[in-house]
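Enquirer: Before we start, here is the structure in question, set down as C-alpha cells.
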Amino acid sequence: MHTEEREIILNPSILSADFTVLGEQLKALEACGCRWVHIDVMDGTFVPPVSFGEPVITSIRKKSGLFFDVHMMTEHPDTHIDALKKAGADLVCVHAEACTHLDRVLGAIREAGMRTGVALNPATPLSVLDYVLDKTDMVLVMTVNPGFGGQSYLPAMTGKIRALRNMLEKAGHPDIRIEVDGGINAGTLQTVLDAGADVLVMGSAVFQGDPAENFRKMQALVR
Ligand SMILES: O=C(CO)[C@H](O)[C@H](O)COP(=O)(O)O
Ligand SMILES: [Fe+2]
C-alpha cells in the first residue's frame, strides 16, 4: 500500500476529556465520522501519573462503538491482556521499554483476539522493532515524553517517523500503521503526515473546547 492510498485516522485521546460528559462527547465525535478513540492507561510507575484502567474502559465501552486503541503506559502490560479484552479493547499498544519479552507479549495480545501496537519513547531506537514486525499491527512513535497531555511536539521525531516509514516499506510491511502521539495539532499535523504517520492522536487539540467542532476542523485540515 502506498502512502497516498492510506486512510488517515484521527484518534482523539480521552486523557484531556471531561469525564463527567465523556459518553455524550464520544457519541458526538462518532456522529461526525470519528472511528477510533485513544485510551491512555498510566500506572504511576512507568510514567508518574495514574490515569485509569479496565473499569473505566468497561464503562465507556457500554456507551461507544468506537475502535478502542489502548496505550499502555505501564510496567508489566502482559498482566492486563485478558482484562483489557474483557473490558472491550480492540488494540493494545505496549511500550517496548516496559517489555522484557516483547515478542511473547505481542503474541499473547493477538492470541486474545486484539490488534497489537509497539510504542517507542522518543529516545528508543527503531532497531527494537527488527524482529517483531510480523507480530505488529501498529508502531506508536511518541512525539513527546509520555505521561502528560498538552506538551510540545519534539521536532527530532519527524526524522524518526520518516525513517520508520522507510524501514517498514523496505522490510515488506507497508501496511503496519504509524501512530504519533504528543503535541499533534493544527500546527504539527501536516509535518507528521508528510513524514508518513497515518494514525494521529490528539488530546488537547480535540478535547479543549468543543470536541466535535475541533474534530471537524482537524478533518478539514487532513482533506
Ligand atoms: O500518551 C499520551 C501522553 O503521554 C497522550 O495520548 C496524550 O493525551 C497526548 O496529549 P496531547 O495531544 O495533548 O499532546
Ligand atoms: Fe497516548
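Placement of Cβ uses the backbone N, Cα and C atoms for every residue, glycine included.
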Enquirer: Which single residue out of His71, His76 does TrEMBL record at the divalent metal cation site shared with His38, Asp40, Asp181?
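Expert: Answer per TrEMBL: His71.
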Enquirer: Among Gly147, Gly149, Gly183, Ser204, which binding-site residues lie by ligand 2, judged by Cβ under 6 Å to any atom?
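Expert: Checking each Cβ against ligand 2, none of them comes under 6 Å.
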Enquirer: Over all shown protein chains, what is the count of other CB atoms within 10 A of the CB belonging to His38 (divalent metal cation binding site)?
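Expert: The answer is 27.
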